[in-house]
Amino acid sequence: MKPRVCILRTDGTNCDLETYHAFEITGANCRLVHVNQLRNGEQSLSEYQILAVPGGFSYGDDIHSGKVLAVELTSFLKEQMLQFINSDKLILGICNGFQVLVRTGLLPFKNLGNIDAALMENDSGRFECRWVNMGIEKTKCVFTEGMEGKVVNLPAAHGEGKFFSDIDKLKIIESNRQVVFRYVQEAGAVTADYPANPNGSLNSIAGICDDTGRILGLMPHPERFVKLTQHPNWRRLKKGEADGLAIFHNAVKYFQAN
Amino acid sequence: MNIQEVRVTNKFSLPDPRGEEILYEIKNALGINSVQEVRTTRVYRFEGISEDNALYLAKNLLAEEIFQICQVNAPVITGADVWLEVAYQPGVMNPEVASIIKSVKDLGIEDLLAADSSKEYFFWGQDISVDEIKLITDKLLVNATVERVVTVKPETLLISGQPGTTGTIAVRKMNDQELMQLSKDNLFLNLEEMRVIQNYFISIDRDPTDCEIETIAQTWSEHCGHKTFRAKLMVDGKEKKPLLKRLQEATIEAGHPLVLSAFVDNSGVMRFYEGQAICGKVETHNSPSAIEPYGGAMTGSGGVFRDVMGTGQGAKVIASTDMFCFAPPDMPAEVIPAGCLHPHYLLRRVVAGVRDYGNRMGIPTNNGSVHFHPDFRAKPTVIVGAYGLLPAERCQKASPQAGDVALVLGGRTGRDGIHGATFSSAEMTDMTITVNSSAVQIGHAIEEKRTSDAILEASQEGLIRAITDCGAGGYGSALGEMGEKIGVKVFLDRVPLKYPGLNPWEIWLSESQERMVLAVAPENMDRVMAICRNYNVEATAIAEFTGDGRLLVTYNGENVCDLDMEFLHNGLPQRVMQAAWVKEDYEEPQSPDIVFDSAAAGCGEVVNLSNVREKIYQAVMSHLNVCSKEPIVRVYDHGVQGSSVLPPFTGIFQDGPNDATIISPLLDKPYGAIISHGLNPVLNKIHPYHGSLWAAVEAVSNAVAAGANPEDLTLIDNFIWPFPDEESLGALDMSVDACVDFVKVTGMPFISGKDSLSSTYRGKDGTVLKIPPVLCVSVFGRIADVQKTVSSDFKYTGSQIVLLGERRICEMAGSVYYDLAGYTGSNLPKINLEKVNKVFHVLHRAISGGAVPACHDISEGGLAAALAEMCFGGNVGAEISIPAGENPEYFLYNETAGCFMVEIPDGMDAAELFAGIPYYVIGKTVEKLSVEILYEGRELFDVSLSSLKAAWQQPMKGVFRQ
């Protein structure tokens, strides 16, 4: 069975087509759905197995990045969202999508309407567009199954990507093994140094999942590296597969296996 | 009405990156050391809601407790030594407000009447003087054109106004002096043109309304009418064809099989693959950027994106480019002319504007350049390009039919951008910044993004008969042009306004951003409106196409403009203009052994160059026109859309610059679209013909170096010229001739272009500054298989390094090397087009055959700079030999375009690969991380890559805080 993917769009969404492409080539069946269509009942989340919140600048990232869309989701779609996460389905938030998931409270603790972490302005004070290395931790995350211990190279492109939480919450996130991706040096050592850690994230956190491993948010863009020629150095790399592909593959496989 | 205020700031234990950025600028751009710390807050104001609701919003929307603190109707930061609040001027659209209002409503608060947001700045430091704060405010925090310091809490956030009125202007009775007084400052027409207008109204026996006069003025402006490019030219006393005609005829004669549309639409269109087409347009936004660089650059990007969106029956924007010319950022403030902004500020703010618009639209900004020359101190050159993808079958517009509806989409209309078209056609003076402030506005990228989303869906469903963007001249221009052949009746009172109080002519000509006009058949209206609703895009039917050939504009039933389309579009008299270029002699050095006395050599004293060759190499690398622009590129999202195949930088450390960008817009196909450009203001100044040839050859070389087939490329011209007096027009004439000759020899046609002829500054003390003439040639084309393209970084050690192309190395005028020695020179590179064209084809064959792992075009900084950049990318060294008898410096630093540095494998036969074109194996790549130069069998010098790279990266790192 091809899982159905809802690629959520709204004003200022802009990585939707790449995300669509990444899911399609790994065997999913995608549809671009405007948040208005969920609000007016034309579309319902219940018809989908995967919800992908793509990158971009939803509503211009006014007030905070992803905030206006997060308010909209928690105000009008709370029931649908709760039903979705309680029915063994997957949610992926990339870049702006990650910001949205954190600001709805879905990440880290599925605490819809309560914010327990933030993606703050980069320490550099600027938008940063550069490729980064991320180490993959051993977690329950469905999207990274079988990738533990690997280092993936993906592009980051954001101005507000500094993962932040207070010490107590950070401890829970760490001890629950919810940190999926950390910024690392090429050889794999976790680093706080700019620009390998492009934004100053606490504990070099680049992506986290919820406690079930079915909700993932990350700042870098796996959908921008699903074929080799998307890498800046594809002409000199000896790689078999593009690093972003497995994340989408795993999501699709989850429904095929079950 | 009571206004609730919410203030939000980061917890004091956490950094405030915005404050740190300002502190850096205070210290580095202004040299003020008394300020020790800067922090910022956001201020939100709400009219119509209770204090309880304000508190609710503070906790649930505006501040995030995890890292922020907030206060309602009280300060959130106290104890600073100085503080001030900065807000937009009333009437300037604050892009954030719509989102704030939406979220307030989404949170269930219904009684909000209006909202606004602003910023506060807090300074700590013991001896911050009043003068210093004034300097910080004026230079860094407030651009008075669009912003102000808030001194008292506003009483209301609502902008009110009376319904507008239409006046009549008694032109029929005016004498010449009165006609010119009317023209001055607003219309920018000459006496002959004013008399034609006068005669028209005498002939129809009435006086014009203000709306009519303004409509004619903007249609006939240089910006819209291209009067100079259409003028009959008398060059040195002999008549020549109009400039535009020459360019268009050259394109027609070239008969290029891939061209689908040239010079007729908002952008030029060429065939891509599998029924798709690509289109390109390059615009300038010099005047607005000169007075409000952030807003100016934003609206420049927004405007050129709309050009692409409005091509054919609607296109998707797939790439954006930006080319800038500024004065050096370290220029002393006292030499900046009155009324002009400092280049350090301009550069940073223009980059920020391009960043914020392109990134938010989700359009990769992936090709560009920055050029520096002191003569840009009065006005920068800001060039922005956009490229699009559309089905070939929808690349032509249909004509609106009688009964079709004119639907306006996107942003609302306000008083912003009034007189933009006429203003950008005028020279800059020391008063420009105050008098013309209404011509500038802030862009709203998200408005344009959702409008684009809606248009693409309507286009895919075949619902759009014709489409155009609202740019210069607003609805007046868009509807005037759309209805030119058929006639249109406009109902101005239906136009959605940002606030009441606009006069009809202001509604008609406002250049408010993010608006598009569609011609839609009545039967398709319901569907188009439904699509727009789904995308939150406001759409309003404001006019009907009539079939009567008139431009009739009404406001509440009253005719405010009733003009014959024929007069409006063809009544402008053709100008007859005199042109005569005057050659200026720039001194050449007496002998090739230049004696350096500059700090550039790092010695601080007069030295003979033979002692400082390493230092000179480093100085060339750190010259502003050579140095790495990576800090700029990294703030643009060049990977969005997932299409990048050749990004701006590649190599081991991803810091080796490429010559062109290649994107693969159809994600599951091997096809590439390539984009590159070339310009050289200094060479244009020395000799407009040879400088312009250089620009065209450089532009194409950049594409060919990356693997483009010269048969698959088309061109776009941008002439950014001083006011066309006889001398400047003579230079322009030569520049156009160079373009035409280029087309004739290479067969590559120009399919779009733009002229901007107002780069002259006049100060009130009589100073006249002509900005260097700039011809920017942009190239775009298609690539059948992106696998057969190359990047510039060396891939291996032990490879042969080959120099391709013909150079006469004594032609050093305009080079970076001469500039460092304090010379401009007159003996500039003169390119043989026939030979260069052959080089293009042979090199392309070699690359597509897989023989070339790396290739880089030679431009500013010469062979030496190209070589160093290839080494940076590959993290390998090079060992090269200068042929006996050649002057070593000229060999290293000559900047003839159309020459290339090529890596080919050890043992490959260069003679066979490059048969028929000039080639020379100059050396090899080596493991040792240095560039070693040999001459007549011995080492001339050896310089480490790390020192070259540090010199090359330092200048922009300094400007952009890295």
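Yeah, the Cβs are placed from backbone N, Cα and C, and that goes for glycine too.
Nobody curates TrEMBL annotations by hand; they come from automatic prediction.
Annotation comment: TrEMBL describes B:184-227 as domain 'Phosphoribosylformylglycinamidine synthase linker'. According to TrEMBL, the feature active site maps to B:HIS223. The domain 'PurM-like N-terminal' annotation in TrEMBL covers B:265-389, B:684-762. Residues or ranges marked as ATP binding site by TrEMBL: B:LYS281, B:ASP717, B:GLY753. Per TrEMBL, the feature Mg(2+) 1 binding site maps to B:GLU283. Summarising the annotation, TrEMBL assigns active site, proton acceptor to B:HIS285. The annotation substrate binding site is assigned in TrEMBL to B:ARG306, B:GLN441, B:GLU511, B:SER512, B:GLN513, B:SER756. Look at TrEMBL and you will find B:ASP307, B:ASP469 tagged as Mg(2+) 2 binding site. What TrEMBL lists as domain 'PurM-like C-terminal' is B:401-554, B:826-931.
Contact counts against the domain 'Phosphoribosylformylglycinamidine synthase linker' (B:184-227), taken as Cβ pairs under 8 Å, peak for B:401-554 among the stretches B:265-389, B:401-554, B:684-762, B:826-931. Using a 10 Å Cα-Cα cut-off around B:GLU283 (Mg(2+) 1 binding site), the recorded positions B:HIS223, B:GLN441, B:GLU511, B:GLN513, B:GLY753, B:SER756 reduce to B:GLY753, B:SER756. A simple way to gauge crowding: the CB of B:SER512 (substrate binding site) has 26 other CB atoms within 10 angstroms, across all the protein chains here. B:LYS281 (ATP binding site) sits 21 Å from B:SER512 (substrate binding site), taking the Cα positions as reference. Residue annotation for substrate gives B:ARG306, B:GLN441, B:GLU511, B:SER512, B:GLN513, B:SER756. The furthest Cα pair among them is separated by 21 Å. B:HIS285 (active site, proton acceptor) has B:SER756 as its nearest neighbour among the recorded positions B:HIS223, B:ASP307, B:GLN513, B:ASP717, B:SER756, going by CA to CA distance.
Within 10 Å (C-alpha to C-alpha) of B:GLN441 (substrate binding site) lies none of the recorded positions B:HIS223, B:ASP307, B:ASP469, B:ASP717, B:GLY753.
Closest to B:SER756 (substrate binding site) by Cα-Cα distance, out of the recorded positions B:HIS223, B:ASP307, B:ASP469, B:ASP717, is B:HIS223. Listed in sequence order, the residues B:GLY268, B:VAL282, B:ILE716, B:ASN718, B:PHE750, B:ILE751, B:SER752, B:LYS754, B:SER778 complete the 8 Å Cβ shell around the ATP site centroid, once B:LYS281, B:ASP717, B:GLY753 themselves are left out. Other Cβ atoms within 10 Å of the Cβ of the residue listed as 'active site, proton acceptor' number 28 in total over all chains.
Distances between the Cα of B:ASP469 (Mg(2+) 2 binding site) and those of the binding-site residues B:ARG306, B:GLU511, B:SER512, B:GLN513, B:GLY753 are shortest for B:ARG306. The Cβ of B:ASP717 (ATP binding site) has B:LEU247, B:CYS739, B:PHE750, B:SER752, B:GLY753, B:LYS754, B:LEU775, B:CYS776, B:VAL777 as same-chain neighbours under 8 Å, each 6 or more residues away in sequence. Applying an 8 A CB threshold to same-chain residues 6+ apart, the list for B:ARG306 (substrate binding site) reads B:ASN266, B:GLU448, B:ASP469, B:CYS470, B:GLY471, B:GLU514, B:MET516. If you take the C-beta of B:GLN513 (substrate binding site) and look for same-chain residues 6 or more apart in sequence within under 8 angstroms, you find B:THR299, B:GLY302, B:GLY303, B:GLY411, B:ASP416, B:GLY417, B:GLN441, B:GLY443, B:HIS444, B:GLU447, B:GLU448. According to DSSP, B:ASP307 (Mg(2+) 2 binding site) sits within a helical segment. Per-site Cβ counts within 10 Å over the binding-site residues B:GLN441, B:SER756 peak at B:GLN441.
B:LYS281 (ATP binding site) falls within a strand segment according to DSSP. Between the alpha carbons (Cα) of B:GLU511 (substrate binding site) and B:HIS223 (active site) lies a span of roughly 13 Å.
The highest number of surrounding Cβ atoms within 10 Å, among the binding-site residues B:GLU283, B:ASP307, B:ASP469, B:GLU511, is found at B:GLU511. Across the fold, the C-alpha of B:ASP307 (Mg(2+) 2 binding site) and the C-alpha of the residue listed as 'active site' stand 15 Å from each other.
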